[in-house]
Amino acid sequence: MAQSEVDSVDCVTSDRDGDIGNQSDDSSNSSLFKTQCVPSPTRKQRIPTVKCVPSLASVETDSSSDSSLEPRPLTLKAIFERFKKKKRKKRKKRKYKPKLRRQGRPSGTRNIRRSQIDAKQIKDKGAVFPFLESESGRKTLPWKKILTYEQAVARGFFHHIEKLKYEHHLKECLSQMHAGEDLEKEDFDSRRHKYMDDDGPLSPIEEPSTEDEATDPQSECDIKLVEDSCFIISTEFPRKRNLEQGKIKKESAFSKKSKAKDATQRGNRRSWKGGEHACLHSEVS
């Protein structure tokens, strides 16, 4: 009996091993065609849910919140009120709060050595004017007048260059006119205000040559007798008052004419209207 039981157990185990082997072979064969194994669906545990009935107060709050979220139509009054509130907030922020601090430079921050060097450099390089000592008590220029001083120096420099240029140009012109002796007799400043043809006559009209001049061309005199034809005839120009009076008279005459025209036009209109009224009255009657 015992042997038969053992044999039966061995047969069962061998059958099981054969089934497992067959299953492994099937899986190996199926792996050739399927790369992924489909996992078996697992059941999820259901969580018990509790249904709560909302109260009336919560419903009212939800409805109010929904209504607040809805866009309301903007009015001018609401826009102005919002703008005023923003302005008030800004004004409140900008309020001045007095601070308990000392005015001026805080102690210990100034470099004394650096300030002394700057003062020395200014004294050495700055312009010195002795006549300023009576006004400001020091010879150096104050900060406010340094710019005006520099502008005056530049202006004088450019004026000097202009003068040198004029002298050079004058020398060239006189050398071309063979009048270099005039430069030795007169200075450049006196010659600057003269014209090149000062020796000739001032009048644009040519003077008639007389017999005395023809006979004695070298005779020179300070006064000469000249005919009336050499002078320009004097003309009297109208004054400003006369011109203004003439303008006023013209304006008054023009205004009178315009008034007379207006009066005649008004009379014609009235007569025409009167005739029309008479015609209408006769037709009605």
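Each residue, glycine too, has its Cβ placed from N, Cα and C.
Residues annotated as compositional bias 'Polar residues' in Swiss-Prot: 21-39. Summarising the annotation, Swiss-Prot assigns compositional bias 'Basic residues' to 85-104. Residues or ranges marked as compositional bias 'Basic and acidic residues' in Swiss-Prot: 242-264, 273-285. Residues annotated as phosphoserine in Swiss-Prot: S24, S134, S229. Sequence annotations record features per position, and here Swiss-Prot assigns region 'Disordered' to 1-49, 85-112, 193-219, 242-285.
For the pair S134 (phosphoserine) and S229 (phosphoserine), the Cα-Cα distance reads 65 Å. In this view, S134 (phosphoserine) is surrounded by 7 other Cβ atoms within 10 Å of its Cβ, with every protein chain counted. If you draw a 10 Å sphere around the CB of S229 (phosphoserine), it holds 9 other CB atoms from the protein chains shown. Within the compositional bias 'Basic and acidic residues' (242-264), the DSSP-based counts of helix, strand and coil residues read 23 helix, 0 strand, 0 coil.
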